[in-house]
Amino acid sequence: MVTSTVKLEEVRRMQRAEGMAAVLAIGTATPANCVYQTDYPDYYFRVTNSEHLTNLKERFQRMCESSQIRKRYTHLTEEILQENPSMCVFTAPSLDARQDMVVAEVPKLGKAAAEEAIKEWGQPMSRITHLVFCTTNGVDMPGADYQVAKMLGLPTSVKRLMMYQQGCFAGGTVLRVAKDLAENNRGARVLVVCSEIMAMAFRGPSESHLDSLVGHALFGDGAAAVIVGSDPDEAADERPLFQIVSASQTILPGTEDAIVGHLREVGLTFHLPKDVPEFISDSVEGALTDAFMPLGVHDWNSIFWVVHPGGPAILDQVEEKVALHKARMRASRNVLSEYGNMASATVLFVLDEMRKLSADDGHATTGEGMDWGVLFGFGPGLTVETIVLHSVPITAAAPLIMQ
């Protein structure tokens, strides 16, 4: 029997990274088809043959006007909807058509975002060791993770994790998972992709399901990708954008029916009650205290905010609950205005917007000149993801990080 002289503790030490996980690059993508919110009520009621529902259309018009959204992007063009009329009826069986569409398009949009992130990262794809792919729709085998790995030409040894049907909180989830992977696997480079196409949920209006109309006033399509890794290789010009300091998830008791989605023959149905913003805003103070108490941070206006903009009421009530200055939510409100709610991808768009606004405004760090920041994801459960971030200096030596 041969006795090894290597101790398990030493093996474990060699397996782990030395430093904290960081976001090294961010990329985003949207479908080409852009819809403006001012035009959408007329368009939506026309393509769904619902113009006779004048009172309902007026209500939808008011929803769109109060959404704080200027425009959104969607894979569904009028031509596609004309070819799939069952998708325009509230209760018509249409799952096969929706599934075929989403299974094909989600990886394509994810690939586009991933290519942008990889371009900014500036390293060969052979260095990607892990792939985390997240989408709300299009469950299939092999999954979207496999398809995008194949499209990108990632190494066949890449370690994949596929996350389906998590919903809007999952933009935080993927960062939490990527942090664990990067810090526990020396040299790991994790490609994270969130790709969301809401074709599963599009349908005509119903006078008895007004919360479905709320979703139609908010949701858009988009994909975001990030590269996460520890111990940036400065010799290869790897540069962090944000360090991922800590990550936690919590379920809000008694809220399991607050945001509900069900996959049916008619597609994905969802329930969005009016008290969701109140549930979320009531939870934020406790989440902040738990996350920042160990760091000695107590002033919530002294940190930068990267918040999933599920809708204007969520941002408004969170802002009011913790007495935030209006400027703290600017990145989230900008993304809501220009893209709508893109489920899991949205908060990564906000992270991208944060570093760009910080550079455009001449701040010293990627977090509006502040050191500490928080990223929040909210979604079904109700589930709250809380990520503590640390910004990095913006310097002339790192021009690529702001492109």
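Heads up, residue numbers simply count up from 1 along the chain you see.
Positions of Cβ are set from backbone N, Cα and C atoms, glycine also.
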Among A313, A323, A327, find me the residue Swiss-Prot lists at the same CoA site as R59, F60, Q61, R62, M63, C64, E65, S66.
A313
If you measure from the CA of M63 (CoA binding site) out to 10 Å, which recorded positions from the list C168, G220, D221 are inside that radius?
none
Nearest-integer angstrom distance between the alpha carbons (Cα) of A313 (CoA binding site) and C168 (active site, acyl-thioester intermediate):
15
Of the recorded positions C168, G220, D221, which one sits closest to R59 (CoA binding site) when you measure Cα to Cα?
G220
List nothing but the largest Cα to Cα distance in Å, as a whole number, among the residues R59, F60, Q61, R62, M63, C64, E65, S66, A313 that the record says bind CoA.
17
Are there any residues in the same chain, six or more apart in sequence, whose C-beta is under 8 angstroms from the C-beta of G220 (substrate binding site), and if so which?
T30, R72, Y73, T74, M198, Y339, G340, N341, M342
Cβ atoms within 10 Å, counted per site: which of M63, C168, A313 has the most, among these recorded positions?
C168
